[in-house]
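What Swiss-Prot records for this protein:
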type	residues	note
BINDING	His77, Cys83, Cys104, Cys105	Zn(2+) binding site
BINDING	Thr400, Leu401, Gly402, Tyr403	K(+) binding site
COMPBIAS	130-147	compositional bias 'Acidic residues'
CARBOHYD	Asn220	N-linked glycosylation site
CARBOHYD	Asn229	N-linked glycosylation site
MOD_RES	Ser44	phosphoserine
MOD_RES	Ser130	phosphoserine
MOD_RES	Ser142	phosphoserine
MOD_RES	Ser158	phosphoserine
MOD_RES	Ser160	phosphoserine
MOD_RES	Ser474	phosphoserine
REGION	121-147	region 'Disordered'
MOTIF	400-405	motif 'Selectivity filter'
TOPO_DOM	1-190	topological domain 'Cytoplasmic'
TOPO_DOM	268-276	topological domain 'Cytoplasmic'
TOPO_DOM	332-344	topological domain 'Cytoplasmic'
TOPO_DOM	437-585	topological domain 'Cytoplasmic'
TRANSMEM	191-209	transmembrane segment
TRANSMEM	248-267	transmembrane segment
TRANSMEM	277-295	transmembrane segment
TRANSMEM	309-331	transmembrane segment
TRANSMEM	345-366	transmembrane segment
TRANSMEM	415-436	transmembrane segment
Amino acid sequence: MGQGDESERIVINVGGTRHQTYRSTLRTLPGTRLAWLAEPDAHSHFDYDPRADEFFFDRHPGVFAHILNYYRTGKLHCPADVCGPLYEEELAFWGIDETDVEPCCWMTYRQHRDAEEALDSFGGAPLDNSADDADADGPGDSGDGEDELEMTKRLALSDSPDGRPGGFWRRWQPRIWALFEDPYSSRYARYVAFASLFFILVSITTFCLETHERFNPIVNKTEIENVRNGTQVRYYREAETEAFLTYIEGVCVVWFTFEFLMRVVFCPNKVEFIKNSLNIIDFVAILPFYLEVGLSGLSSKAAKDVLGFLRVVRFVRILRIFKLTRHFVGLRVLGHTLRASTNEFLLLIIFLALGVLIFATMIYYAERIGAQPNDPSASEHTHFKNIPIGFWWAVVTMTTLGYGDMYPQTWSGMLVGALCALAGVLTIAMPVPVIVNNFGMYYSLAMAKQKLPKKKKKHIPRPPQLGSPNYCKSVVNSPHHSTQSDTCPLAQEEILEINRADSKLNGEVAKAALANEDCPHIDQALTPDEGLPFTRSGTRERYGPCFLLSTGEYACPPGGGMRKDLCKESPVIAKYMPTEAVRVT
């Protein structure tokens, strides 16, 4: 093999796995990270090992094999054994557009997003698993709430000048809201949820018993009416509900009113609260009771008409059953499934509508065959006197109910009926599996989210003081040549300050080889001590400053890898301090 071919070869070490290809292969996708490796000055901008003559990237080696194959074949496939977010992150790192994924793998690639959207749709904490709060001290005592409160104190975000939480409202509003809205937030929230569930069941039971004749005795009533010449006594009989059922319903309404008012007052977003359908149901179910109580003492005709109307609309109380969705995951899953399967339901309705129209018309004309000459409407030997009546028969037949109130009586009508039944079975069976799959997906995701182990409280470190060497940077106290480091986000203003100081000291502005705002590059001249090779381990040397900070962590030489001059100019680093690894994200 000629020397030119050898110079065209390039070795890329990704996560310990060495990959070999040609520079011309990497140039097939200009503007990507691998295409920049083919540039002549790539050695100074990337993690290059001159001894092994290879570039090193601390990324996923399995995904990189598919990405490199994309440069070779021009087709990007998605591995089935890699989680979607990981593959998406790798594509973003290597600078490849996700729309380049082949159609055969697009659904596999999209699965993680569908799962994330499904998990986000559950959103609230009722599906968040949390351990039994046996040691909970009060409502809303959750780990996340304490972490947020601690973070507020640490970051001095409190309204009070002395660092205390900003008043009663700020302290108790989220706790009381979680107490009535999130049954899984604390032990006391569970008690409130059990009480609400009890009153819901009692209210629905009372509503059903009020319609039973045992609890609606017939009573004789007398009414005096004014007539022209005097008064007239009218006697009539009326069914009257037992008083104890009304009292029970009143107690339930008092609880629902208290619960509704507490949720309204302590709701963090009043507009979203009003738009919530469950909250509208709560209000509509409560209002008729108070109107009925307020108008019961009036004897005017208008008041009686309103009372009669309110007694009719008592059925809205049954809508309280939907409040159970706050307490049962399965009901919430069903609701999400119905919303996610809207297109399938519309498709099912369209199929049924077409079938109903076709078979209702066919059965009408099929039953008219053989009609007697003296019976032009064929009403004597068939039930299908017109096409609209056939709509009912077609719906009942296609859904395989078959009430038997209408049926064909001629051989041609029986043939149409058989075809209608078969078409109904096939039509309904097509969209149903999609709906069932949606339910299974939502239910499995809900169960997985509910069974997630409770996250431990995060350690919130004390913020370093101004002037401290650790101010807005991370110094890893690990042994020399360690490859592990913690990260600390660096403010953009501080990066600009470093660039300005570097420009003043070296007489030129630091240039970035990659236009990547998420990975800032500081290209600066180094002192002789700082010019020592960066090392990852005892056997690997790296020359040049850290450029791709996300490809790995770097260990600086014992002489110090951080400019002392910058410490004087920038508030980020107040004094010179030997560091083993500094990582900027």
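Positions of Cβ are set from backbone N, Cα and C atoms, glycine also.
Here the features listed in Swiss-Prot are painted onto the structure.
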residue	record	CB count, 10 Å
Ser44	phosphoserine	14
His77	Zn(2+) binding site	15
Cys83	Zn(2+) binding site	12
Cys105	Zn(2+) binding site	17
Asn220	N-linked glycosylation site	8
Asn229	N-linked glycosylation site	6
Thr400	K(+) binding site	10
Leu401	K(+) binding site	10
Gly402	K(+) binding site	13
Tyr403	K(+) binding site	10
Candidate binding-site residues His77, Cys83, Thr400, Leu401, pick with smallest Cα gap to Asn220 (N-linked glycosylation site): Leu401
Non-local residues, at least 6 beyond the ends, that sit with Cβ under 8 Å of the motif 'Selectivity filter' (400-405): 383, 421, 424-425
Same-chain residues at least 6 apart in sequence whose Cβ lies under 8 Å from Cys104 (Zn(2+) binding site): His77
Where Thr400 (K(+) binding site) sits in the secondary structure, as DSSP reduces it to three classes: coil
Euclidean distance between Cα atoms of Cys105 (Zn(2+) binding site) and Gly402 (K(+) binding site), Å: 45
Among Ser44, Cys83, Cys105, Asn229, which are recorded as recorded positions, the nearest neighbour of Thr400 (K(+) binding site) by Cα: Cys105
Spatial separation of Tyr403 (K(+) binding site) from Cys83 (Zn(2+) binding site) - C-alpha basis, Å: 51
In contact by Cβ distance (the transmembrane segment (415-436), the transmembrane segment (191-209); 3 or more pairs under 8 Å): no
Recorded positions clustered about Leu401 (K(+) binding site) [Cα within 10 Å; pool: Ser44, Cys105, Asn229]: none
Residues in the topological domain 'Cytoplasmic' (332-344) grouped by DSSP into helix, strand and remaining coil: 12 helix, 0 strand, 1 coil
8 Å Cβ shell about Thr400, Leu401, Gly402, Tyr403 centroid, K(+) site members excluded: Val396, Thr397, Thr399, Gly404
Proximal residue to Tyr403 (K(+) binding site) among recorded positions Ser44, Cys105, Asn229 (C-alpha distance): Cys105
Cα-to-Cα gap, Cys105 (Zn(2+) binding site) vs Asn229 (N-linked glycosylation site), nearest whole Å: 91
Secondary structure at Cys105 (Zn(2+) binding site), reduced by DSSP to three states: helix
Contacting positions for the topological domain 'Cytoplasmic' (268-276) when only residues 6+ beyond its ends and CB under 8 Å are counted: 173-174, 177
